[in-house]
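Visitor: As annotated by Swiss-Prot, Cu cation binding site applies to H16, D26, H86, H90, with the evidence given as similarity to another entry. Marked as Zn(2+) binding site by Swiss-Prot: H16, D26, H86, H90. The feature Ca(2+) 1 binding site is assigned by Swiss-Prot to S19, H24, T27, E32. The Ca(2+) 2 binding site feature in Swiss-Prot is assigned to D62, N64, D66, Q68, E73; the stated evidence is similarity to another entry. The annotation domain 'EF-hand 1' is assigned in Swiss-Prot to 13-48. Residues or ranges marked as domain 'EF-hand 2' in Swiss-Prot: 49-84. Swiss-Prot lists 38-53 with the feature region 'Hinge domain'.
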Amino acid sequence: MTKLEDHLEGIINIFHQYSVRLGHYDTLIKRELKQLITKELPNTLKNTKDQGTIDKIFQNLDANQDEQVSFKEFVVLVTDVLITAHDNIHKE
């Protein structure tokens with residue numbers, strides 16, 4: 001497996017590590033998303049312990065408003081984080 005493929009599989013594995021805990025095994029409920037963000041992105045996203053911030057992120061990701069974040073919806077967060085990280089690298 002290439003380095004990029006390994007990283008892509010890692011993103012999938014992290015999603016599943018949190019999605020299987022409660023509710024549907026392949027979606028994140030708000031509590032699971034909060035745990036994922038708090039533990040996996042503490043240095044990337046600001047105010048991750050603030051419930052209002054989590055609520056806003058969840059609402060923005062939950063495109064179909066079913067109170068769950070699918071992997072497809074989660075990838076929007078990953079994309080935003082990657083774009084921000086890329087932009088920050090070019091600022092240095």
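Backbone N, Cα and C define each Cβ position, glycine as well.
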Visitor: Average the pLDDT scores across the domain 'EF-hand 2' (49-84) and report the rounded value.
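Guide: For the domain 'EF-hand 2' (49-84), the model's average pLDDT rounds to 92.
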Visitor: What does the structure give for the C-alpha distance between H16 (Cu cation binding site) and T27 (Ca(2+) 1 binding site)? Integer Å is fine.
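Guide: Rounded to a whole number, the Cα-Cα distance is 8 Å.
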Visitor: What whole-number Å value do you get for the CA-CA distance of D26 (Cu cation binding site) and D62 (Ca(2+) 2 binding site)?
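Guide: Distance between the two Cα atoms comes out at 14 Å.
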Visitor: Give the residue counts of the domain 'EF-hand 2' (49-84) per reduced DSSP state, in the order helix, strand, coil.
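Guide: In the domain 'EF-hand 2' (49-84), the DSSP-based counts are 25 helix, 2 strand, 9 coil.
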Visitor: Can you tell me how the residues of the domain 'EF-hand 1' (13-48) break down into helix, strand and coil by DSSP?
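Guide: Secondary-structure breakdown of the domain 'EF-hand 1' (13-48): 18 helix, 2 strand, 16 coil.
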Visitor: May I ask which residues of the same chain, at least 6 positions away in sequence, place their Cβ under 8 angstroms from the Cβ of H24 (Ca(2+) 1 binding site)?
Guide: Q68
Visitor: Around D66 (Ca(2+) 2 binding site), how many other CB atoms lie within 10 A of its CB?
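Guide: Looking across every protein chain shown, the total is 11.
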Visitor: Report the same-chain neighbours of E32 (Ca(2+) 1 binding site): residues 6+ apart in sequence with Cβ closer than 8 Å to its Cβ, ordered by sequence.
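Guide: Result: Y18, S19, R21, L22, G23.
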Visitor: Here are some binding-site residues: H16, H86, H90. Which one has the most Cβ atoms within 10 Å of its Cβ?
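Guide: Result of the Cβ crowding comparison: H16.
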Visitor: Taking the Cβ of D26 (Cu cation binding site) as the centre, how many other Cβ atoms fall within a 10 Å radius?
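Guide: 12, counting other Cβ atoms within 10 Å of D26 (Cu cation binding site).
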Visitor: Counting Cβ atoms within 10 Å across all protein chains shown, which of the binding-site residues N64, Q68 comes out on top?
Guide: Q68
Visitor: Can you count the other CB atoms that lie within 10 A of the CB of D62 (Ca(2+) 2 binding site)?
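Guide: Excluding its own Cβ, D62 (Ca(2+) 2 binding site) sees 18 Cβ atoms within 10 Å.
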